[in-house]
């Protein structure tokens, strides 16, 4: 397949996400209203990548760029060759902080490339490819679908259930200056876990989903408890437990590591959010640590196509 696909530019917008939510390791994900916006179009030859916003110094502008590499998966799959490509990225999602920046890049690259080549693949196929590239399904499923997602990745296929969340809770993200790559955060995890710890997390993961759906937010504190990963990752975020404690004392419903960290995420009622932001912020300030705090909502729309080429 070649030419005849110069009908213009495609633009997509993909949300950030928080995964695990405590006990739901590699299973739970919630989309959040921070975004990566990607414009993509074919050009005569070469590769041009322009980056604005978060990570401008860290996002590659060559063939190692994750958005480009994801787009290439689509092009090779459907047989598009000998095309130059221009990609423009406007990014709001902090990199390497546990907020799904790589998932947004992967989903965005796949979705944009699919639109650019005539929408050959269904969104379900895009999701399966995204999970294959990412290696797990929690963030990419949330990024593509929006809302709260429970997902499993089995034999290269994603199975999921999704539920939109209302805006009566805030997701408060405390993002430190230092990043922790997911591969580093996974290396500190044990190869085997205690059977009782597995049972502990299984029960709380199921309970957490029910609590969010039924809006029994006062039960989130116990529902978000974890025994499988956070205690091992504490060495990478040494003030983690203190942040959790301060958040709960300030009135948050729950606090946990966002994904692999190092971002600390708290869930709060809008009425308590400012107090939680202030009290947890003190943990960073007292240590002289730079951080940013975001007051976010669940993004229920998921990845969106903002502009479609004329031939689609």
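We count from 1, first residue shown onward.
Cβ coordinates are placed from backbone N, Cα and C, and glycine is handled just like the others.
Since the structure is predicted, the reported quantities are computational estimates derived from the model, not experimental observations.
For 94, 95, 96, 97, 98, 99, 100, 101, 102, 103, 104, the entry in Swiss-Prot reads ATP binding site. In the three-state DSSP scheme, residue 98 (ATP binding site) is classed as coil. With a cut-off of 8 Å between CB atoms and residues at least 6 apart in sequence, the same chain places 18, 19, 180, 182, 185, 257, 258, 259, 260, 261, 262, 263 near residue 98 (ATP binding site), listed in sequence order.
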